[in-house]
Amino acid sequence: MCRSYFTIPFFCVILFMAPLVYSQLDYNFYDRSCPQLSMIVRFGVWAALRNDTRIAASLLRLHFHDCIVNGCDGSVLLDDTKDFKGEKNAFPNRNSLRGFEVIDNIKADVERACPSTVSCVDILTLAAREATILSGGSFWPVPLGRRDGTTASENAANKQIPSPIEPLESIIAKFTSKGLDVKDVVVLSGAHTIGYAQCFTFRRRLFNFKESGKPDPTLNSLLLSNLQSTCPNTDQTNSKLAPLDSVSTYRFDNVYYKNLMNNMGLLESDQALTGDPKTVAMVNSYSKYPNLFSNDFAASMVKLGYVGILTGKDGQIREKCGSVN
């Protein structure tokens, strides 16, 4: 049923998806044990977004970085221990991955309502959906019942998280190793319709693309000029940011794909989607048909949420998301 989330409008999408081959998860998993769950998560994300306009993109990224490293098990939320070095300080995450405190706060609220019932990974998965909706994106039903992992690996995160300067074929290989495919690469990259990136992730495109001593010749000239002002070559600090979508930075829409078709992708890995015949046709379609993107994004997010899950008696329900019980 179509609903309004805190008076912020969004498009309701009816998803006609093929039955999933997995049966471990259930859309109604917490209906009896924690019926307030969706509302608690929704309010927690809404409250966080009121105070930090960037947090929606951060929660989506946090969910992706969790699932792409050894599966959706909440391992990205774990602090380092004497037994393992976790994922928080892996190179792709260090000083850039955000939203941990949002998940911790929501978890505390959920524990008060439903003690020892809901996993941190399910909370994170729901939070990613609510972040999308509250940014103007579409609703999709989230299958639930994941359990939290009991370990994490900095080394695995360094190896498995795609890099913004990585060749497209390598990124596709990382996705396919998780049971995802080329379409999922294109669709999930569409999350870059919101959020920011640090200068170091794209600086070489501005001044020394592939050791040429020149900017990336495919980069839109106006965008290039603006980015060179934001991230001058003389300033090697990594704290400055640029929007991934400079046109509608905080709106979850299909403008990201329109930007790519106009050579206005910020990251090399984004713009590379227009340089490969396997992906450019999809980019073009999503740039023209926003509802197609909304439907496919929902389907790919559900698919992502099944990667490497723990269910049944595997894993645990953490009391606090940053540490195992």
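Cβ atoms here come from the backbone N, Cα and C positions, even for glycine.
Those TrEMBL annotations? Automatic predictions, nothing curated.
Quick look at what TrEMBL lists:
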ACT_SITE  HIS65  active site, proton acceptor
BINDING   ASP66, VAL69, GLY71, ASP73, SER75, GLU87  Ca(2+) 1 binding site
BINDING   PRO162  substrate binding site
BINDING   HIS192  heme b binding site
BINDING   THR193, ASP245, ASP253  Ca(2+) 2 binding site
DISULFID  CYS34-CYS114  disulfide bond
DISULFID  CYS67-CYS72  disulfide bond
DISULFID  CYS120-CYS321  disulfide bond
DISULFID  CYS199-CYS231  disulfide bond
DOMAIN    24-325  domain 'Plant heme peroxidase family profile'
SIGNAL    1-23  signal peptide
SITE      ARG61  site 'Transition state stabilizer'
Beyond ASP66, VAL69, GLY71, ASP73, SER75, GLU87, what residues of that chain have CB atoms within 8 A of the centre of the Ca(2+) 1 site's CB atoms? HIS65, CYS67, ILE68, ASN70, CYS72, GLY74, VAL76, GLY149, ALA152, ALA156, ALA157, GLY308
Which residues, sitting 6 or more apart from VAL69 (Ca(2+) 1 binding site) on the same chain, put a CB under 8 Å from its CB? SER75, VAL76, GLU87, SER153, ALA156, ALA157, GLN160, ILE161
Below 8 Å Cβ to Cβ and six or more residues apart, same chain only. Which residues does that give for the residue listed as 'heme b binding site'? LEU244, ASP245, TYR256, LEU266, LEU267, ASP270
Among CYS34, CYS120, PRO162, CYS199, ASP253, which are recorded as recorded positions, the nearest neighbour of the residue listed as 'active site, proton acceptor' by Cα: PRO162
Name the residue among the disulfide-bonded residues CYS72, CYS120, CYS199, CYS321 whose Cβ has the smallest number of other Cβ atoms within 10 Å. CYS199
All-chain count of other Cβ atoms within 10 Å of GLU87 (Ca(2+) 1 binding site): 28
What whole-number Å value do you get for the CA-CA distance of CYS67 (disulfide bond) and ASP73 (Ca(2+) 1 binding site)? 7
With a radius of 8 angstroms around the mean position of the C-beta atoms of THR193, ASP245, ASP253, what other residues of the same chain does the Ca(2+) 2 site pick up? GLY190, HIS192, ILE194, VAL247, SER248, THR249, ARG251, PHE252, ASN254, VAL255, TYR256, ASN259
Among the recorded positions listed as ARG61, CYS199, CYS231, the Cα nearest the Cα of THR193 (Ca(2+) 2 binding site) belongs to ARG61
Overall pLDDT for the domain 'Plant heme peroxidase family profile' (24-325), taken as the rounded mean: 97
From the recorded positions ARG61, CYS114, CYS120, CYS199, CYS231, pick the residue whose C-alpha lies nearest to the C-alpha of ASP73 (Ca(2+) 1 binding site). CYS120
Within 10 Å of the Cβ of THR193 (Ca(2+) 2 binding site), how many other Cβ atoms can be counted across all chains shown? 30
